[in-house]
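Copied over from TrEMBL, here are the features:
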DOMAIN    B:20-108  domain 'PhoU'
DOMAIN    B:124-208  domain 'PhoU'
Amino acid sequence: MNMLTEASIEQKLSPMKNEPRIKMRGDKVTVHYGEKQALFGVDLQIPEHQVTALIGPSGCGKSTFLRCLNRMNDTIDGCRVGGKVTLDQEDVYDPKIDVVELRARVGMVFQKPNPFPKSIYENIAYGPRIHGLTKSKAEMDEVVEKSLRKAAIWDEVKDRLSESGTGLSGGQQQRLCIARAIAVSPEVILMDEPCSALDPIATAKVEELIDELRQNYTIVIVTHSMQQAARVSQRTAMFHIGYLVEEGPTDKMFTNPDDKRTQDYITGRFG
Amino acid sequence: MGEHTVASFDEELGSIDQLIRDMGALSATMVADATRALLSSDNPLAQRVISDDAIMDAKQRELDEQAITLIARRQPMAQDLRAVVSAIRMASDLERIGDLAKNIAKRVGAVGQSATPKPLAHSIDSMASLVHDQVKNVVAFYAERRSEELPALRADDEKIDIKYTAIFRELLTYMMEDPRNITACTHLLFCAKNLERIGDHVTNIAENAYYVMTGRQLPMSRPRVDETAVSDAAG
(Lines of atoms letter the chains of each structure in order from A and count residues from 1; the text may use other names and numbers.)
(Lines give C-alpha, C1' and ligand atoms only; values in the text may rest on other atoms or scores of the structure.)
Protein backbone atom coordinates (compact mmCIF):
# COMPACT_ATOMS: atom_id res chain seq x y z
CA MET A 1 0.00 0.00 0.00
CA ASN A 2 1.21 3.42 -0.83
CA MET A 3 1.45 5.34 2.41
CA LEU A 4 1.60 9.09 2.07
CA THR A 5 3.23 10.66 5.06
CA GLU A 6 2.27 14.16 5.99
CA ALA A 7 5.71 15.46 5.03
CA SER A 8 5.54 13.96 1.57
CA ILE A 9 2.07 15.43 1.02
CA GLU A 10 3.31 18.85 2.08
CA GLN A 11 6.17 18.48 -0.37
CA LYS A 12 3.81 17.60 -3.19
CA LEU A 13 1.62 20.59 -2.42
CA SER A 14 4.41 23.14 -2.32
CA PRO A 15 7.18 22.54 -4.84
CA MET A 16 10.63 23.73 -3.86
CA LYS A 17 10.69 27.48 -3.93
CA ASN A 18 13.85 29.23 -5.03
CA GLU A 19 14.98 31.79 -2.52
CA PRO A 20 14.92 35.11 -4.38
CA ARG A 21 17.99 37.31 -4.51
CA ILE A 22 17.96 40.33 -2.22
CA LYS A 23 17.95 43.45 -4.40
CA MET A 24 17.93 46.17 -1.76
CA ARG A 25 18.55 46.05 1.95
CA GLY A 26 17.93 48.48 4.78
CA ASP A 27 20.21 47.96 7.76
CA LYS A 28 19.32 49.73 11.03
CA VAL A 29 17.98 52.67 9.03
CA THR A 30 17.20 55.74 11.14
CA VAL A 31 15.82 59.05 9.90
CA HIS A 32 15.62 62.36 11.75
CA TYR A 33 13.67 65.36 10.51
CA GLY A 34 15.49 68.02 12.53
CA GLU A 35 15.04 67.01 16.18
CA LYS A 36 12.24 64.61 15.47
CA GLN A 37 13.14 60.97 14.85
CA ALA A 38 10.93 59.39 12.19
CA LEU A 39 12.53 55.95 11.77
CA PHE A 40 14.11 53.78 14.46
CA GLY A 41 16.57 51.18 13.19
CA VAL A 42 14.60 49.54 10.39
CA ASP A 43 16.01 46.29 8.98
CA LEU A 44 14.24 45.27 5.79
CA GLN A 45 15.21 43.24 2.76
CA ILE A 46 13.67 43.84 -0.66
CA PRO A 47 13.73 40.64 -2.74
CA GLU A 48 14.33 40.91 -6.48
CA HIS A 49 11.38 40.57 -8.90
CA GLN A 50 8.87 40.72 -6.12
CA VAL A 51 6.43 43.36 -4.97
CA THR A 52 7.04 44.46 -1.40
CA ALA A 53 4.18 46.41 0.18
CA LEU A 54 4.80 48.84 3.04
CA ILE A 55 1.70 49.35 5.18
CA GLY A 56 0.87 51.12 8.42
CA PRO A 57 -1.12 54.06 9.74
CA SER A 58 -0.28 57.65 8.74
CA GLY A 59 2.97 58.87 10.22
CA CYS A 60 4.34 55.36 10.73
CA GLY A 61 7.44 55.97 8.59
CA LYS A 62 6.61 53.83 5.56
CA SER A 63 6.97 56.68 3.04
CA THR A 64 10.05 57.92 4.87
CA PHE A 65 11.62 54.48 4.49
CA LEU A 66 10.60 54.32 0.83
CA ARG A 67 12.29 57.64 0.17
CA CYS A 68 15.52 56.41 1.78
CA LEU A 69 15.83 53.81 -0.95
CA ASN A 70 16.61 56.35 -3.68
CA ARG A 71 17.72 59.21 -1.42
CA MET A 72 14.65 61.32 -2.05
CA ASN A 73 15.01 62.42 1.57
CA ASP A 74 18.19 64.31 0.57
CA THR A 75 15.92 66.96 -0.90
CA ILE A 76 14.28 67.66 2.49
CA ASP A 77 16.02 70.25 4.69
CA GLY A 78 17.14 69.01 8.09
CA CYS A 79 16.68 65.36 7.17
CA ARG A 80 19.41 63.01 8.42
CA VAL A 81 19.60 59.36 7.47
CA GLY A 82 21.56 56.84 9.55
CA GLY A 83 22.25 53.14 9.19
CA LYS A 84 22.86 51.59 5.81
CA VAL A 85 20.87 51.19 2.60
CA THR A 86 22.31 49.01 -0.13
CA LEU A 87 21.44 48.33 -3.76
CA ASP A 88 23.10 45.13 -4.96
CA GLN A 89 25.34 45.32 -1.88
CA GLU A 90 26.45 48.83 -2.80
CA ASP A 91 25.94 51.54 -0.17
CA VAL A 92 23.60 54.10 -1.75
CA TYR A 93 24.69 56.76 0.78
CA ASP A 94 28.36 56.36 -0.21
CA PRO A 95 29.63 59.86 -1.13
CA LYS A 96 30.98 58.44 -4.40
CA ILE A 97 27.48 57.49 -5.55
CA ASP A 98 26.00 59.68 -8.29
CA VAL A 99 22.52 60.44 -6.94
CA VAL A 100 21.08 61.17 -10.37
CA GLU A 101 22.25 57.79 -11.60
CA LEU A 102 20.91 56.16 -8.43
CA ARG A 103 17.47 57.62 -9.07
CA ALA A 104 17.57 56.30 -12.62
CA ARG A 105 18.26 52.82 -11.22
CA VAL A 106 15.69 53.25 -8.47
CA GLY A 107 12.77 55.07 -10.08
CA MET A 108 9.77 56.52 -8.37
CA VAL A 109 6.05 56.98 -8.99
CA PHE A 110 4.17 59.40 -6.76
CA GLN A 111 0.77 59.59 -5.20
CA LYS A 112 -0.57 62.22 -7.55
CA PRO A 113 0.21 61.74 -11.22
CA ASN A 114 2.67 64.49 -12.09
CA PRO A 115 3.30 64.49 -15.83
CA PHE A 116 5.51 67.28 -17.18
CA PRO A 117 3.48 70.00 -18.93
CA LYS A 118 4.87 68.73 -22.21
CA SER A 119 3.80 66.31 -24.90
CA ILE A 120 3.23 62.67 -24.08
CA TYR A 121 6.30 61.86 -26.20
CA GLU A 122 8.48 64.36 -24.36
CA ASN A 123 7.33 63.08 -20.97
CA ILE A 124 8.92 59.73 -21.80
CA ALA A 125 11.88 61.02 -23.83
CA TYR A 126 13.07 63.44 -21.19
CA GLY A 127 14.76 60.90 -18.91
CA PRO A 128 16.56 58.87 -21.58
CA ARG A 129 17.76 62.12 -23.15
CA ILE A 130 19.34 63.63 -20.04
CA HIS A 131 20.90 60.28 -19.17
CA GLY A 132 22.20 59.99 -22.76
CA LEU A 133 20.62 56.58 -23.23
CA THR A 134 19.77 57.00 -26.93
CA LYS A 135 21.83 58.03 -29.93
CA SER A 136 19.25 58.74 -32.62
CA LYS A 137 15.64 59.82 -33.10
CA ALA A 138 14.76 56.29 -34.23
CA GLU A 139 16.22 54.83 -31.09
CA MET A 140 14.33 57.36 -28.96
CA ASP A 141 11.08 56.52 -30.78
CA GLU A 142 11.68 52.91 -29.90
CA VAL A 143 12.32 53.66 -26.21
CA VAL A 144 9.15 55.79 -26.06
CA GLU A 145 7.00 53.10 -27.66
CA LYS A 146 8.49 50.31 -25.56
CA SER A 147 8.00 52.24 -22.32
CA LEU A 148 4.41 53.15 -23.17
CA ARG A 149 3.70 49.56 -24.15
CA LYS A 150 5.16 48.22 -20.90
CA ALA A 151 3.02 50.66 -18.96
CA ALA A 152 -0.04 49.35 -20.84
CA ILE A 153 -1.00 52.76 -22.22
CA TRP A 154 0.43 52.62 -25.78
CA ASP A 155 -2.84 51.75 -27.49
CA GLU A 156 -4.58 54.65 -25.79
CA VAL A 157 -2.02 57.33 -26.72
CA LYS A 158 -0.19 56.14 -29.86
CA ASP A 159 -2.20 58.46 -32.12
CA ARG A 160 -1.70 61.55 -30.01
CA LEU A 161 1.89 61.45 -28.82
CA SER A 162 2.30 65.16 -29.50
CA GLU A 163 -0.62 66.13 -27.28
CA SER A 164 0.01 67.33 -23.75
CA GLY A 165 0.43 64.69 -21.03
CA THR A 166 -1.69 66.77 -18.68
CA GLY A 167 -4.70 66.32 -20.97
CA LEU A 168 -4.94 62.61 -20.15
CA SER A 169 -7.28 61.16 -17.53
CA GLY A 170 -5.94 60.58 -14.01
CA GLY A 171 -5.44 56.87 -14.56
CA GLN A 172 -3.75 57.46 -17.90
CA GLN A 173 -1.51 60.13 -16.36
CA GLN A 174 -0.41 57.69 -13.66
CA ARG A 175 0.42 55.04 -16.24
CA LEU A 176 2.26 57.72 -18.22
CA CYS A 177 4.32 58.45 -15.09
CA ILE A 178 5.04 54.74 -14.73
CA ALA A 179 6.11 54.67 -18.39
CA ARG A 180 8.35 57.66 -17.68
CA ALA A 181 9.95 55.81 -14.76
CA ILE A 182 10.46 52.72 -16.93
CA ALA A 183 12.02 54.71 -19.80
CA VAL A 184 15.38 55.04 -18.05
CA SER A 185 15.55 51.26 -17.51
CA PRO A 186 15.40 51.22 -13.71
CA GLU A 187 16.03 48.12 -11.65
CA VAL A 188 13.74 49.07 -8.80
CA ILE A 189 10.50 51.07 -8.95
CA LEU A 190 9.25 52.78 -5.80
CA MET A 191 5.55 53.63 -5.72
CA ASP A 192 4.13 55.94 -3.09
CA GLU A 193 0.37 55.30 -2.99
CA PRO A 194 0.19 55.18 -6.78
CA CYS A 195 -3.57 54.57 -6.88
CA SER A 196 -4.89 56.85 -4.17
CA ALA A 197 -6.04 59.46 -6.69
CA LEU A 198 -7.46 56.96 -9.18
CA ASP A 199 -10.90 55.47 -9.72
CA PRO A 200 -11.41 51.68 -9.31
CA ILE A 201 -11.00 50.92 -13.02
CA ALA A 202 -7.79 52.90 -13.33
CA THR A 203 -6.64 51.29 -10.07
CA ALA A 204 -7.26 47.83 -11.49
CA LYS A 205 -5.23 48.72 -14.58
CA VAL A 206 -2.31 49.95 -12.50
CA GLU A 207 -2.47 46.85 -10.30
CA GLU A 208 -2.49 44.62 -13.36
CA LEU A 209 0.50 46.59 -14.61
CA ILE A 210 2.37 46.19 -11.30
CA ASP A 211 1.95 42.45 -11.58
CA GLU A 212 3.39 42.44 -15.11
CA LEU A 213 6.25 44.79 -14.25
CA ARG A 214 7.37 42.45 -11.49
CA GLN A 215 8.83 40.10 -14.15
CA ASN A 216 11.48 42.68 -15.01
CA TYR A 217 11.66 45.03 -12.05
CA THR A 218 11.70 44.96 -8.29
CA ILE A 219 8.83 46.96 -6.86
CA VAL A 220 8.28 48.58 -3.49
CA ILE A 221 4.83 50.07 -2.94
CA VAL A 222 3.42 52.15 -0.12
CA THR A 223 -0.33 51.80 0.14
CA HIS A 224 -3.13 52.68 2.51
CA SER A 225 -5.40 50.11 0.94
CA MET A 226 -5.07 46.81 2.76
CA GLN A 227 -6.84 45.02 -0.06
CA GLN A 228 -4.40 46.48 -2.56
CA ALA A 229 -1.40 45.32 -0.53
CA ALA A 230 -2.98 41.87 -0.30
CA ARG A 231 -3.67 41.80 -4.05
CA VAL A 232 -0.43 43.06 -5.54
CA SER A 233 2.39 42.16 -3.18
CA GLN A 234 4.32 39.01 -2.38
CA ARG A 235 5.79 40.42 0.82
CA THR A 236 4.33 42.91 3.26
CA ALA A 237 6.07 45.04 5.88
CA MET A 238 4.05 46.67 8.63
CA PHE A 239 5.32 49.95 10.12
CA HIS A 240 4.15 51.68 13.28
CA ILE A 241 5.39 54.98 14.77
CA GLY A 242 8.79 54.65 13.13
CA TYR A 243 9.39 50.97 13.78
CA LEU A 244 9.15 47.97 11.52
CA VAL A 245 6.63 45.85 13.42
CA GLU A 246 6.47 42.75 11.28
CA GLU A 247 7.49 41.60 7.82
CA GLY A 248 6.65 38.43 5.96
CA PRO A 249 4.89 36.71 3.07
CA THR A 250 1.73 38.65 2.17
CA ASP A 251 -0.49 35.55 2.35
CA LYS A 252 0.45 35.03 5.96
CA MET A 253 0.33 38.71 6.92
CA PHE A 254 -3.29 39.01 5.87
CA THR A 255 -4.58 35.71 7.22
CA ASN A 256 -2.50 35.11 10.34
CA PRO A 257 -0.14 37.94 11.32
CA ASP A 258 2.05 37.40 14.38
CA ASP A 259 2.05 40.87 15.86
CA LYS A 260 -0.96 42.27 17.71
CA ARG A 261 -0.43 45.72 16.15
CA THR A 262 -0.51 44.24 12.64
CA GLN A 263 -3.69 42.34 13.51
CA ASP A 264 -5.32 45.46 14.89
CA TYR A 265 -4.31 47.56 11.92
CA ILE A 266 -5.34 45.24 9.12
CA THR A 267 -8.61 44.27 10.77
CA GLY A 268 -9.58 47.90 11.42
CA ARG A 269 -9.18 47.90 15.20
CA PHE A 270 -6.69 50.77 15.45
CA GLY A 271 -7.92 53.88 17.25
CA MET B 1 -9.40 41.18 21.01
CA GLY B 2 -10.10 44.89 20.85
CA GLU B 3 -13.06 46.45 19.17
CA HIS B 4 -13.26 47.62 15.59
CA THR B 5 -13.14 51.32 14.87
CA VAL B 6 -16.43 50.72 13.06
CA ALA B 7 -18.76 49.41 15.78
CA SER B 8 -21.29 47.86 13.39
CA PHE B 9 -18.52 45.56 12.13
CA ASP B 10 -18.32 44.07 15.64
CA GLU B 11 -22.09 43.67 15.71
CA GLU B 12 -22.07 41.82 12.40
CA LEU B 13 -19.30 39.46 13.51
CA GLY B 14 -21.09 38.96 16.84
CA SER B 15 -24.30 38.06 15.08
CA ILE B 16 -22.57 35.39 12.97
CA ASP B 17 -20.86 34.01 16.07
CA GLN B 18 -24.23 33.86 17.86
CA LEU B 19 -25.77 31.92 14.97
CA ILE B 20 -22.98 29.32 15.20
CA ARG B 21 -23.62 28.98 18.94
CA ASP B 22 -27.38 28.65 18.35
CA MET B 23 -26.89 26.05 15.64
CA GLY B 24 -24.42 24.21 17.87
CA ALA B 25 -26.85 24.11 20.79
CA LEU B 26 -29.67 22.99 18.48
CA SER B 27 -27.56 20.23 16.94
CA ALA B 28 -26.68 18.85 20.39
CA THR B 29 -30.37 18.82 21.36
CA MET B 30 -31.35 17.15 18.09
CA VAL B 31 -28.77 14.38 18.51
CA ALA B 32 -29.85 13.73 22.10
CA ASP B 33 -33.56 13.78 21.25
CA ALA B 34 -33.19 11.60 18.15
CA THR B 35 -31.41 8.82 20.01
CA ARG B 36 -33.77 9.07 22.98
CA ALA B 37 -36.72 8.81 20.61
CA LEU B 38 -35.09 5.80 18.91
CA LEU B 39 -34.40 3.89 22.11
CA SER B 40 -37.75 4.61 23.73
CA SER B 41 -39.83 4.46 20.52
CA ASP B 42 -41.03 7.98 21.27
CA ASN B 43 -42.78 9.13 18.10
CA PRO B 44 -43.77 12.65 19.23
CA LEU B 45 -40.15 13.34 20.21
CA ALA B 46 -39.01 12.04 16.82
CA GLN B 47 -41.46 14.45 15.17
CA ARG B 48 -39.93 17.32 17.12
CA VAL B 49 -36.46 16.45 15.85
CA ILE B 50 -37.82 16.46 12.31
CA SER B 51 -39.36 19.89 12.76
CA ASP B 52 -36.19 21.19 14.48
CA ASP B 53 -34.30 20.40 11.30
CA ALA B 54 -36.28 23.05 9.45
CA ILE B 55 -35.15 25.60 12.05
CA MET B 56 -31.56 24.42 11.58
CA ASP B 57 -31.78 24.88 7.80
CA ALA B 58 -33.23 28.36 8.21
CA LYS B 59 -30.44 29.35 10.58
CA GLN B 60 -27.82 28.12 8.14
CA ARG B 61 -29.33 30.17 5.33
CA GLU B 62 -29.40 33.17 7.62
CA LEU B 63 -25.74 32.68 8.52
CA ASP B 64 -24.69 32.28 4.88
CA GLU B 65 -26.45 35.48 3.99
CA GLN B 66 -24.91 37.45 6.84
CA ALA B 67 -21.43 36.07 6.14
CA ILE B 68 -21.58 36.92 2.44
CA THR B 69 -22.91 40.40 3.14
CA LEU B 70 -20.15 40.95 5.70
CA ILE B 71 -17.44 39.89 3.23
CA ALA B 72 -18.87 42.18 0.57
CA ARG B 73 -19.24 45.11 2.93
CA ARG B 74 -16.15 44.84 5.16
CA GLN B 75 -13.52 42.82 3.29
CA PRO B 76 -12.44 41.20 6.56
CA MET B 77 -8.78 40.44 7.19
CA ALA B 78 -6.77 38.10 9.44
CA GLN B 79 -8.80 36.67 12.37
CA ASP B 80 -11.98 38.34 11.10
CA LEU B 81 -11.55 36.65 7.71
CA ARG B 82 -10.82 33.32 9.37
CA ALA B 83 -13.87 33.70 11.61
CA VAL B 84 -16.23 34.39 8.71
CA VAL B 85 -14.93 31.70 6.35
CA SER B 86 -14.84 29.11 9.12
CA ALA B 87 -18.32 30.09 10.27
CA ILE B 88 -19.64 29.23 6.80
CA ARG B 89 -17.91 25.85 6.97
CA MET B 90 -18.95 25.09 10.53
CA ALA B 91 -22.54 26.01 9.74
CA SER B 92 -22.55 23.53 6.89
CA ASP B 93 -21.24 20.77 9.20
CA LEU B 94 -23.83 21.67 11.84
CA GLU B 95 -26.57 21.60 9.23
CA ARG B 96 -25.42 18.11 8.17
CA ILE B 97 -25.51 16.99 11.81
CA GLY B 98 -29.11 18.19 11.87
CA ASP B 99 -29.91 16.18 8.73
CA LEU B 100 -28.38 13.03 10.18
CA ALA B 101 -30.27 13.45 13.46
CA LYS B 102 -33.47 13.92 11.45
CA ASN B 103 -32.70 10.75 9.53
CA ILE B 104 -32.40 8.83 12.83
CA ALA B 105 -35.70 10.33 13.98
CA LYS B 106 -37.41 9.24 10.75
CA ARG B 107 -36.46 5.63 11.42
CA VAL B 108 -38.02 5.60 14.90
CA GLY B 109 -41.36 4.34 13.54
CA ALA B 110 -39.79 1.58 11.45
CA VAL B 111 -37.64 0.25 14.28
CA GLY B 112 -40.31 0.70 16.92
CA GLN B 113 -42.46 -2.19 15.69
CA SER B 114 -39.97 -4.78 16.86
CA ALA B 115 -38.40 -4.35 20.27
CA THR B 116 -34.67 -3.62 20.17
CA PRO B 117 -32.74 -6.32 22.08
CA LYS B 118 -31.52 -4.97 25.42
CA PRO B 119 -27.74 -5.39 24.97
CA LEU B 120 -27.94 -3.78 21.53
CA ALA B 121 -29.97 -0.86 22.87
CA HIS B 122 -27.27 -0.43 25.47
CA SER B 123 -24.51 -0.36 22.82
CA ILE B 124 -26.34 2.23 20.73
CA ASP B 125 -27.10 4.28 23.81
CA SER B 126 -23.45 4.41 24.83
CA MET B 127 -22.35 5.28 21.28
CA ALA B 128 -24.99 8.01 21.14
CA SER B 129 -23.90 9.50 24.44
CA LEU B 130 -20.28 9.59 23.19
CA VAL B 131 -21.45 11.40 20.05
CA HIS B 132 -23.67 13.75 22.01
CA ASP B 133 -20.77 14.67 24.32
CA GLN B 134 -18.57 15.37 21.31
CA VAL B 135 -21.17 17.69 19.77
CA LYS B 136 -21.80 19.45 23.08
CA ASN B 137 -18.08 19.85 23.81
CA VAL B 138 -17.03 21.11 20.40
CA VAL B 139 -19.69 23.80 20.61
CA ALA B 140 -18.64 24.71 24.17
CA PHE B 141 -14.92 24.85 23.28
CA TYR B 142 -15.74 27.07 20.32
CA ALA B 143 -17.94 29.36 22.40
CA GLU B 144 -15.39 29.59 25.22
CA ARG B 145 -12.45 29.88 22.82
CA ARG B 146 -10.65 26.89 24.37
CA SER B 147 -8.48 25.94 21.39
CA GLU B 148 -6.15 23.79 23.52
CA GLU B 149 -8.96 21.27 24.09
CA LEU B 150 -9.68 20.73 20.40
CA PRO B 151 -6.84 18.38 19.34
CA ALA B 152 -7.85 15.85 22.03
CA LEU B 153 -11.51 16.20 21.12
CA ARG B 154 -10.73 15.48 17.51
CA ALA B 155 -8.67 12.42 18.49
CA ASP B 156 -11.61 11.15 20.56
CA ASP B 157 -13.57 10.52 17.38
CA GLU B 158 -11.67 7.26 17.25
CA LYS B 159 -13.69 5.99 20.21
CA ILE B 160 -16.88 6.53 18.22
CA ASP B 161 -15.41 4.65 15.28
CA ILE B 162 -14.56 1.72 17.56
CA LYS B 163 -18.10 1.69 18.97
CA TYR B 164 -19.50 1.76 15.48
CA THR B 165 -17.42 -1.23 14.47
CA ALA B 166 -18.65 -3.15 17.51
CA ILE B 167 -22.31 -2.30 16.81
CA PHE B 168 -21.88 -3.31 13.18
CA ARG B 169 -20.71 -6.77 14.30
CA GLU B 170 -23.45 -7.05 16.89
CA LEU B 171 -26.13 -6.21 14.32
CA LEU B 172 -24.74 -8.79 11.90
CA THR B 173 -25.01 -11.40 14.62
CA TYR B 174 -28.67 -10.57 15.33
CA MET B 175 -29.51 -10.67 11.66
CA MET B 176 -27.87 -14.08 11.24
CA GLU B 177 -29.63 -15.39 14.33
CA ASP B 178 -33.10 -14.54 13.06
CA PRO B 179 -33.90 -13.12 9.62
CA ARG B 180 -37.00 -11.45 11.07
CA ASN B 181 -34.59 -9.03 12.77
CA ILE B 182 -33.21 -7.85 9.44
CA THR B 183 -35.57 -4.91 8.87
CA ALA B 184 -35.14 -3.41 12.31
CA CYS B 185 -31.43 -4.15 12.41
CA THR B 186 -30.86 -2.52 9.03
CA HIS B 187 -32.55 0.62 10.28
CA LEU B 188 -30.44 0.49 13.42
CA LEU B 189 -27.33 0.03 11.30
CA PHE B 190 -28.18 3.21 9.40
CA CYS B 191 -28.76 4.97 12.72
CA ALA B 192 -25.34 3.85 13.97
CA LYS B 193 -23.78 4.94 10.68
CA ASN B 194 -25.48 8.34 11.05
CA LEU B 195 -24.05 8.69 14.54
CA GLU B 196 -20.61 7.81 13.20
CA ARG B 197 -20.98 10.43 10.47
CA ILE B 198 -22.01 13.02 13.05
CA GLY B 199 -18.72 12.28 14.80
CA ASP B 200 -16.89 13.04 11.55
CA HIS B 201 -18.67 16.39 11.22
CA VAL B 202 -17.64 17.17 14.79
CA THR B 203 -13.99 16.63 13.85
CA ASN B 204 -14.44 19.03 10.91
CA ILE B 205 -15.92 21.61 13.25
CA ALA B 206 -13.05 21.09 15.69
CA GLU B 207 -10.55 21.69 12.89
CA ASN B 208 -12.29 24.87 11.75
CA ALA B 209 -12.71 26.16 15.29
CA TYR B 210 -9.01 25.55 15.93
CA TYR B 211 -8.14 27.48 12.78
CA VAL B 212 -10.36 30.41 13.76
CA MET B 213 -8.72 30.70 17.14
CA THR B 214 -5.07 30.02 16.34
CA GLY B 215 -4.63 30.71 12.62
CA ARG B 216 -2.96 27.30 12.38
CA GLN B 217 -4.32 24.08 10.92
CA LEU B 218 -4.38 20.90 12.97
CA PRO B 219 -2.10 18.22 11.45
CA MET B 220 -3.77 16.48 8.52
CA SER B 221 -3.56 12.87 9.64
CA ARG B 222 -5.77 11.49 12.34
CA PRO B 223 -5.74 7.83 13.27
CA ARG B 224 -8.69 6.10 11.59
CA VAL B 225 -10.25 2.85 12.63
CA ASP B 226 -12.97 1.52 10.39
CA GLU B 227 -12.83 -2.23 10.51
CA THR B 228 -16.18 -2.57 8.80
CA ALA B 229 -14.48 -1.67 5.54
CA VAL B 230 -14.48 -4.08 2.61
CA SER B 231 -12.42 -7.04 3.82
CA ASP B 232 -14.26 -7.49 7.13
CA ALA B 233 -17.69 -6.96 5.69
CA ALA B 234 -17.02 -9.58 3.05
CA GLY B 235 -15.52 -12.03 5.56
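Counting begins at 1 with the first residue displayed.
Using N, Cα and C of the backbone, Cβ positions are placed for all residues, glycine too.
What TrEMBL says about a protein is an automatic prediction, not a curated fact.
What you are looking at is a predicted structure, and each value in this text was computed from that prediction instead of being measured.
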Reported in the order helix, strand, coil, what are the DSSP residue counts of the domain 'PhoU' (B:20-108)? 83 helix, 0 strand, 6 coil
Count the residues of the domain 'PhoU' (B:124-208) that DSSP assigns to helix (H, G, I), to strand (E, B) and to coil, and report the three numbers in that order. 80 helix, 0 strand, 5 coil
How does the model score the domain 'PhoU' (B:20-108) in terms of mean pLDDT? 95
